[in-house]
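**Q** Encoded as structure tokens, here's the structure I'll be asking about.
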Amino acid sequence: MAFLKKSLFLVLFLGLVSLSMCEEEKRENEVEEEQEDDEQSELRRSLWSSIKDMAAAAGRAALNAVNGIVNPGEQ
């Protein structure tokens, strides 16, 4: 009976150690994913900012071109 008790405790202990290691690895993976998400968000923000700046510059250029056509001598 004592042998079975020791074996059962050993199995439970090893199971807890294994579970603990899996939980730690899972937390590490979640942290890595959060860092990747943050990097992707920063990249998207900078991309949208660049697109917005280019669109504004194109709009100003188009407005200047239209003003040049409509009012050719007033620049």
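In case you wondered, yes, glycine gets a Cβ from its N, Cα and C as well.
What you are looking at is a predicted structure, and each value in this text was computed from that prediction instead of being measured.
Found this in Swiss-Prot, in case it helps:
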type	residues	note
SIGNAL	1-22	signal peptide
MOD_RES	Pro72	proline amide
**Q** Report, as a single number, how many Cβ atoms besides its own are within 10 Å of the Cβ of Pro72 (proline amide).
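**A** Taking all protein chains shown, Pro72 (proline amide) has 8 Cβ neighbours within 10 Å.
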**Q** Indicate whether the residue listed as 'proline amide' is helix, strand or coil by DSSP.
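**A** Its secondary structure by DSSP: coil.
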